[in-house]
């Protein structure tokens, strides 16, 4: 009888479309942060989404939020097309590791990326440890 909840949890972690927040009414931009030290989602990590404005002169903050228990941050942007341009996800990694009593090398991680097709969906995963990080364009 408990197989269904375990299956849903597994589908969320593996990124299947069922349970990963990619329904038609969801945000066109998603992120998922995994703590590679523990092998668990990075819950409670503060992040900020910004867009480069004024012909590359300054960043405008669009949303500040925290990752949920699954390491995701639903609703980064409202449903619908994204404005083309340059965006930045800033992750407060120092605060995350300090809260866990862990020293770290990177006080923050900034992932800067370009949106050239406003109708696509974008997923920006972050694999995080106190001494390294990896990111890529997910699907």
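Just so you know, the numbers here start at 1 and follow the chain as drawn.
Glycine is no exception: its Cβ is also placed from the backbone N, Cα and C atoms.
Counting Cβ atoms from all protein chains shown, residue 32 (substrate binding site) has 22 others lying within 10 Å of its own Cβ. Per TrEMBL, substrate binding site is recorded for 32, 72, 136.
The feature domain 'Transthyretin/hydroxyisourate hydrolase' is assigned by TrEMBL to 24-138.
Annotation source TrEMBL lists region 'Disordered' at 1-32.
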Open item on the list: Around the C-beta of residue 136 (substrate binding site), how many further C-beta atoms are within 10 angstroms, looking at every protein chain?
Closed with: 11
TODO: Give the number of CB atoms, excluding that of residue 72 (substrate binding site) itself, located within 10 Å of its CB.
DONE: 21
Task: Where the record names 32, 72, 136 as binding substrate, the maximum Cα to Cα distance in Å - done: 15
